[in-house]
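Residues or ranges marked as ATP binding site in Swiss-Prot: THR157, SER158, ASN297, THR298, TYR299, GLY300, PRO301, THR302, ASP389, LYS498. As annotated by Swiss-Prot, D-alanine binding site applies to ASP202, VAL306, LYS498, with the evidence given as sequence analysis.
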Amino acid sequence: MTTSIIERIDAWAEKTPDFPCYEYAGTRLSYKELKRQSDAFGSFLLNTLNSDKEKPIIVYGHMSPLMLIAFLGTIKSGRAYVPVDVSMPVERIEQIKKAADPALFICTEELPSNLTITGCPVLTQDQLMDALEKHFEEVPDPAECVKNDDNYYIIYTSGSTGNPKGVQISQNNLVSFSNWILQDFSLRQGLRFLNQAPFSFDLSVMDLYPSLLSGGTLVPLDKTITANMKDLYREIPAQNFDVWVSTPSFADLCLLDDNFNQENNPNLTRFLFCGEVLAKKTASELLDRFPDAVIYNTYGPTEATVAVTQVKVTRELIDAYPSLPLGVIKPDMRLHIVDQETGEILPEGEKGEIILIGASVSKGYLNEPEKTDQVFFDYKGYQAYHTGDSGVIKDGYLFFQGRLDFQIKLHGYRIELEDIENNLKKVSYIQNCAIIPKMKDEKVDMLVAQVIPSSHDFEKEYQLSAAIKNELKEFMPAYMIPRKWIYKTEFPLTMNGKIDRKALNSEVNK
């Protein structure tokens with residue numbers, strides 16, 4: 001059982017010093033080098049920054065070994081890190097920087113030319129490399145390291161106001177998650193883990209820390225590979241994965257290739273899914289193609305440290321239910337289904353809100369006490385969280401029944417529809433709008449924008465759509481931009497004068 005994340009990772013530098021903790025495209029980082037360089041960086045931070053450890057450190061980059069070094073070095077200096085991926089639009093990065101109020105902004109890659117960081121020190125990639133060289137062989141005092149209920153990382157998720165919220169995950173939260181994953185999923189030493197998700201997305205925690213804690217190798221498929229289907233299909237068998245961690249949507253993409261099977265990936269014997277609904281069709285096809293593999297379906301919000309339920313998906317399970325269960329709760333957590341209005345705990349078989357209680361639950365949102373109090377609460381001495389997810393328990397399994405609000409999962413990203421709508425309303429060509437998720441195979445397939453446009457000079461609707469998307473990409477991530485656009489002169493309204501979203505939903509999901 002792990003009690004200190006850093007101690008256990010550093011121990012591999014003694015046990016298997018030359019074994020790669022990271023390997024991709026000719027770049028290889030050993031456990032010995034990971035310890036040595038993260039020690040150097042932790043020493044640099046302790047020598048450079050003041051003693052106030054409440055402020056986190058932003059680490060900007062994309063799935064590189066330098067990010068791992070920066071993460072662990074930051075932890076060794078006693079501070080939490082905030083991962084920010086290069087794919088984020090400039091405006092989003094500025095929002096996160098403002099909300100996090102960091103002690104330092106670290107660049108493991110060059111910043112976009114139109115982004116200027118003000119209000120905190122910036123460490124460029126060259127300065128980072130100089131710091132690693134200057135403090136080489138220095139070892140930070142272990143007493144300075146993040147411990148217990150100290151924040152370990154802070155991941156920013158979509159917020160209903162259009163501003164992201166920083167979810168604080170402590171060392172205790174991460175220890176609880178990691179011990180559960182390593183034990184319940186039988187992850188032995190030295191396995192090769194797929195890293196599909198950028199580090200700014202909490203699904204990445206499901207491969208990053210189980211890999212490092214078990215003496216495994218993290219093997220990323222970065223955006224240059226995943227953006228090109230031919231490259232992706234060529235790269236997967238070449239990387240010789242043992243453990244597959246991804247969203248179901250990414251697996252669906254890979255299943256389009258007939259060569260994605262056990263014969264071409266003989267070591268691939270574990271699939272771990274999180275981030276969105278796993279459709280029966282996807283699970284069934286994976287069982288057909290990978291007869292030696294075990295498939296796990298998991299569930300959990302960012303606010304409860306990645307995942308808190310799991311179930312092994314078998315043929316019998318697929319045949320037994322209309323949709324796949326999310327599984328059973330991890331041992332140090334409790335789960336209740338409650339009536340949304342009264343808060344009363346509901347019996348098995350009745351649908352209500354999923355409430356999570358226990359060791360995995362975050363302390364709340366960074367610098368956002370009001371938003372924290374809205375969804376986090378104390379339950380008999382334990383931290384608890386209102387997920388906003390609707391669920392039901394049948395035969396001891398949790399089943400997902402959709403969102404209680406306008407929050408959805410698309411390709412593993414958690415998105416608040418209000419966030420998109422608020423951003424769309426900034427566009428000069430839009431007077432009013434509503435975002436409707438288009439469903440397919442029990443999950444969100446794409447986002448449809450229903451728009452009342454402002455006056456414009458475009459002759460064709462596709463020209464208007466192109467102009468809107470061109471404005472949107474300046475301040476909204478690509479995964480949040482709707483794929484389909486429907487233009488209207490007015491919206492249907494409910495009795496109380498609100499947009500009739502049920503009517504719009506019926507139109508989109510006929």
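Placed from the backbone N, Cα and C atoms, the Cβ positions cover glycine too.
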Which ones in the same chain are close to TYR299 (ATP binding site), with CB under 8 Å and 6+ residues apart in sequence?
CYS274, ALA307, VAL308, THR309, LEU326, GLY327, LEU398, PHE400
For ASN297 (ATP binding site), which of the three DSSP-derived states applies: helix, strand, or coil?
strand
At the Cα level, what's the spacing in Å between PRO301 (ATP binding site) and ASP202 (D-alanine binding site), rounded?
9
Distance check against ASP202 (D-alanine binding site) for the binding-site residues THR157, ASN297, ASP389, keeping those with Cα within 10 Å:
THR157
Cβ atoms near ASN297 (ATP binding site) (within 10 Å, other residues, all chains):
23
C-beta crowding around PRO301 (ATP binding site), within 10 angstroms:
26
Does DSSP put ASP202 (D-alanine binding site) in a helix, in a strand, or in coil?
helix
For ASP202, ASP389, listed as binding-site residues, tell me which one has the smallest number of other Cβ atoms within 10 Å.
ASP389
What is the number of other Cβ atoms found within 10 Å of the Cβ of VAL306 (D-alanine binding site)?
26
How long is the line from the C-alpha of THR157 (ATP binding site) to the C-alpha of VAL306 (D-alanine binding site), rounded to the nearest angstrom?
12
So how many other Cβ atoms are close to THR157 (ATP binding site), meaning within 10 Å of its Cβ?
21
How far is it from ASN297 (ATP binding site) to VAL306 (D-alanine binding site), counting Cα to Cα, in Å?
13
